[in-house]
Amino acid sequence: MELLHLLLFSWALSAHLFLALAQRSTYIVHLDKSLMPNVFTDHHHWHSSTIDSIKASVPSSVDRFHSAPKLVYSYDNVLHGFSAVLSKDELAALKKLPGFISAYKDRTVEPHTTHTSDFLKLNPSSGLWPASGLGQDVIVAVLDSGIWPESASFQDDGMPEIPKRWKGICKPGTQFNASMCNRKLIGANYFNKGILANDPTVNITMNSARDTDGHGTHCASITAGNFAKGVSHFGYAPGTARGVAPRARLAVYKFSFNEGTFTSDLIAAMDQAVADGVDMISISYGYRFIPLYEDAISIASFGAMMKGVLVSASAGNRGPGIGSLNNGSPWILCVASGHTDRTFAGTLTLGNGLKIRGWSLFPARAFVRDSPVIYNKTLSDCSSEELLSQVENPENTIVICDDNGDFSDQMRIITRARLKAAIFISEDPGVFRSATFPNPGVVVNKKEGKQVINYVKNSVTPTATITFQETYLDTKPAPVVAASSARGPSRSYLGISKPDILAPGVLILAAYPPNVFATSIGTNILLSTDYILESGTSMAAPHAAGIAAMLKAAHPEWSPSAIRSAMMTTADPLDNTRKPIKDSDNNKAATPLDMGAGHVDPNRALDPGLVYDATPQDYVNLLCSLNFTEEQFKTIARSSASHNCSNPSADLNYPSFIALYSIEGNFTLLEQKFKRTVTNVGKGAATYKAKLKAPKNSTISVSPQILVFKNKNEKQSYTLTIRYIGDEGQSRNVGSITWVEQNGNHSVRSPIVTSPIIEVW
């Protein structure tokens with residue numbers, strides 16, 4: 001019997017080890033193309049032959065899904081390599097083959113979930129819109145969850161013929177045929193082999209570029225949607241919706257499906273976009289914190305930059321914690337999210353005649369007129385459905401809810417209690433980003449809440465009337481940084497201040513699939529519509545992409561770095577009260593680690609005067625300085641053989657400055673020098689003088705203090721020195737250097753921030 005137990009145990013152990021070795025995963029594999037043997041006709045031939053050689057050299061094994069290694073995608077534009085399903089033994093064999101650089105497991109990617117053209121001061125008579133022809137013939141790629149092609153935002157009224165340089169396709173699939181593309185939506189493709197490699201039993205319910213989520217449709221219409229008249233979000237924000245670049249061409253690459261969102265599919269989408277000839281890429285997805293050399297968005301964006309394509313990416317919605325930012329690589333345009341000057345309201349009229357404009361997005365014309373209002377400390381915590389159920393005549397009663405710090409839970413409980421309406425007292429900035437408001441009611445601030453409570457306490461029969469579906473413009477202050485917008489510095493590389501720019505991202509009206517539920521009334525009435533309000537840096541990134549696209553149309557010779565520089569150095573750090581832009585998290589002045597250089601100003605970006613340009617070699621020099629292993633360097637840069645590392649430099653020619661200091665004893669000590677080179681993109685000769693604003697407890701100096709340009713496209717360099725001395729209690733401090741044109745109109749501003757490194761890690 002003991003022998004039998006021993007044999008059974010040995011068999012079980014062997015089976016367990018076999019399954020562990022045989023278990024396959026999808027890997028992203030980076031190869032050095034310079035080492036591709038001459039026998040292969042192209043990269044795909046090399047990749048498929050590599051997998052075939054693995055099959056021949058490694059004993060066959062079967063896991064739950066796969067009986068052999070399998071090639072998923074071949075990549076050659078934004079990176080060189082492939083994705084493949086491999087066991088650990090097969091991966092080990094692959095590592096021994098010529099050209100192998102690195103490999104890491106496929107991972108999931110997360111989404112970072114109108115009036116804004118007016119707020120951005122875009123107009124048809126002057127500035128960036130007419131100068132760029134509204135972005136005409138620039139091709140913007142939106143990598144997301146697909147598109148709803150029937151939307152009015154994607155009709156091609158007024159669009160000329162498709163540019164001949166376009167190489168992409170309109171790929172047919174489920175509920176999507178090639179005729180659904182047009183002169184606006186010139187391309188639609190989809191990528192889901194990574195999902196199927198992860199689990200071949202999955203049934204892709206919408207195997208096409210059609211959007212069943214809404215995120216992609218919304219983002220695409222923000223960046224380049226055509227003019228769509230007479231739209232609104234259930235009566236809020238009524239008017240004409242239009243994208244930032246309404247005459248730009250859209251190419252949609254769906255890599256995010258209901259069944260999953262994988263890195264291998266994302267890379268394939270970006271690789272194809274660059275091959276198709278797009279000018280700009282907008283992506284509103286990111287990862288949790290991972291190293292730069294495993295961040296596929298950063299790696300693929302580096303490859304896109306090398307081919308002259310700028311990537312605009314969302315900073316993420318994990319704010320307001322310091323260092324919470326995604327997509328902060330030096331070659332990416334990283335976009336933060338801000339509130340605009342538009343607010344949505346319901347007017348609260350008390351029985352004594354006092355009118356208060358409360359915040360509301362209740363999606364219907366509810367009839368709340370002269371209804372009784374009640375308030376008591378226990379009930380008005382609004383945290384107990386049981387207590388609220390004891391309210392007499394709830395269908396005709398308005399309850400006041402105190403601020404208990406959990407508005408969403410209060411709204412859920414109020415809705416389930418089926419009360420007539422509620423008056424919520426809250427100053428939580430998160431409340432004013434959500435478009436979900438299923439129960440009649442308004443949100444008022446604490447001061448207004450006291451007025452309402454005093455009225456109720458001092459009235460025998462207190463009543464109130466609430467009207468809904470109201471939209472107001474020119475709210476002050478605006479813009480304001482959204483509390484959820486992720487903050488820098490970037491964990492990818494601390495030496496550059498990120499994010500780069502602030503763009504509209506809170507309650508943005510844009511297109512949406514009409515068969516996807518958008519909001520609700522009560523607990524069981526689900527509503528859908530063609531246009532909805534959404535919030536997040538996901539909405540900010542396509543705004544920036546649309547502006548960048550128009551700058552590319554107006555200045556086709558500008559590099560990705562020049563476009564980003566123009567947007568940053570002309571950004572406005574002040575709000576519409578001409579005071580520093582505030583952070584809605586703490587109501588204090590925002591820093592460059594919250595909002596970048598400031599709020600994007602498209603018309604000023606058209607004519608920035610000077611730009612901080614950077615070549616692909618400049619980014620390579622930066623990578624050379626980061627003490628990466630050869631494997632890590634080549635994973636990003638593809639091949640060390642094709643790059644020169646003789647001049648490594650961590651000081652990239654960037655239009656912002658960050659100095660991170662360490663704490664030594666009771667004092668912080670810092671002295672850091674930066675070298676910058678600016679290019680004159682004005683009309684001709686010009687002279688600029690430096691205007692300095694030092695961060696608190698700092699001195700800054702610049703040499704030379706005057707830059708003289710004799711010709712357009714001439715370059716001049718300067719050195720900025722920051723010296724900081726302070727006690728350990730000091731935190732982030734802000735300054736700036738502005739090059740002011742003498743006898744001219746240009747003002748070229750770069751933010752400066754000093755911050756203790758201990759706050760990041």
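In case you wondered, yes, glycine gets a Cβ from its N, Cα and C as well.
Per Swiss-Prot, signal peptide is recorded for 1-22.
Looking only at the domain 'Inhibitor I9' (26-110), the predicted model's pLDDT averages out at 89. Residues annotated as domain 'Inhibitor I9' in Swiss-Prot: 26-110.
Summarising the annotation, Swiss-Prot assigns domain 'Peptidase S8' to 116-606 and lists sequence analysis as the type of evidence.
Per Swiss-Prot, active site, charge relay system is recorded for D144 (among others), and the stated evidence type is sequence analysis. D144 (active site, charge relay system) falls within a strand segment according to DSSP.
Look at Swiss-Prot and you will find C170-C181 (among others) tagged as disulfide bond. Non-local contacts of C181 (disulfide bond) by the CB criterion (under 8 A, 6+ apart in sequence, same chain) comprise P149, C170, G187, A188.
Positions annotated as N-linked glycosylation site by Swiss-Prot: N177 (among others). Residue environment of N177 (N-linked glycosylation site) contains 12 other Cβ atoms, counted within 10 Å of its Cβ in all protein chains.
Annotation comment: Swiss-Prot describes N177 (among others) as N-linked glycosylation site, evidence class experimental evidence. According to its DSSP assignment, N177 (N-linked glycosylation site) is coil.
What Swiss-Prot records for N203 (among others) is N-linked glycosylation site. N203 (N-linked glycosylation site) falls outside any helix or strand according to DSSP and counts as coil.
According to Swiss-Prot, the N-linked glycosylation site annotation covers N203 (among others), on the basis of experimental evidence. The Cβ of N203 (N-linked glycosylation site) has 7 neighbouring Cβ atoms from other residues within 10 Å, across all protein chains displayed.
H215 (active site, charge relay system) carries a helical DSSP state (H, G or I). Sequence annotations record features per position, and here Swiss-Prot assigns active site, charge relay system to H215 (among others).
All chains included, 12 other C-beta atoms sit within 10 angstroms of the C-beta of N376 (N-linked glycosylation site). N376 (N-linked glycosylation site) falls outside any helix or strand according to DSSP and counts as coil. Feature annotation from Swiss-Prot assigns N-linked glycosylation site to N376 (among others).
Under the heading disulfide bond, Swiss-Prot lists C382-C401 (among others). According to DSSP, C382 (disulfide bond) sits in a coil region rather than a helix or strand.
All protein chains included, S538 (active site, charge relay system) registers 29 other Cβ atoms within 10 Å of its own Cβ. The active site, charge relay system annotation in Swiss-Prot covers S538 (among others), and the record cites experimental evidence as its basis.
Under 8 Å from some Cβ of the region 'Disordered' (574-598) lie the Cβ atoms of residues 319-320, 322, 334-336, 338-339, 341, 429, 432, 474, 476-483, 485, 487-489, 497-502, 567-568, 655-656, 658, 732, 734, 749-753, 755, all in the same chain and six or more residues away from its ends. Sequence annotations record features per position, and here Swiss-Prot assigns region 'Disordered' to 574-598.
According to Swiss-Prot, the compositional bias 'Basic and acidic residues' annotation covers 575-586.
Around C645 (disulfide bond), the same-chain residues six or more apart in sequence whose CB sits under 8 Å from its CB are V620, N621, C624, listed in sequence order. Positions annotated as disulfide bond by Swiss-Prot: C624-C645 (among others).
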If you rank the glycosylation sites N697, N745 by how many other Cβ atoms lie within 10 Å of their Cβ, the lowest count goes to N745
Argmin Cα dist to N745 (N-linked glycosylation site) over the active-site residues D144, H215, S538 returns S538
Between the C-alpha atoms of C382 (disulfide bond) and N203 (N-linked glycosylation site), the distance in angstrom, to the nearest integer, is 43
Rounded to a whole number of Å, the separation of the Cα atoms of H215 (active site, charge relay system) and D144 (active site, charge relay system) comes to 7
Recorded positions near N697 (N-linked glycosylation site): from N177, N203, N376, C401, Cα within 10 Å gives none
Candidates N177, N203, N376, C401, S538 (recorded positions); nearest Cα to D144 (active site, charge relay system) turns out to be S538
Secondary structure split (DSSP) over the compositional bias 'Basic and acidic residues' (575-586) reads 0 helix, 3 strand, 9 coil
Excluding its own, the Cβ atoms lying within 10 Å of the Cβ of C170 (disulfide bond) add up to 20
Same chain, |i - j| six or more, Cβ under 8 Å of C401 (disulfide bond); the result in sequence order is S380, D381, C382, Q410, I414, A422, I423, F424, I425
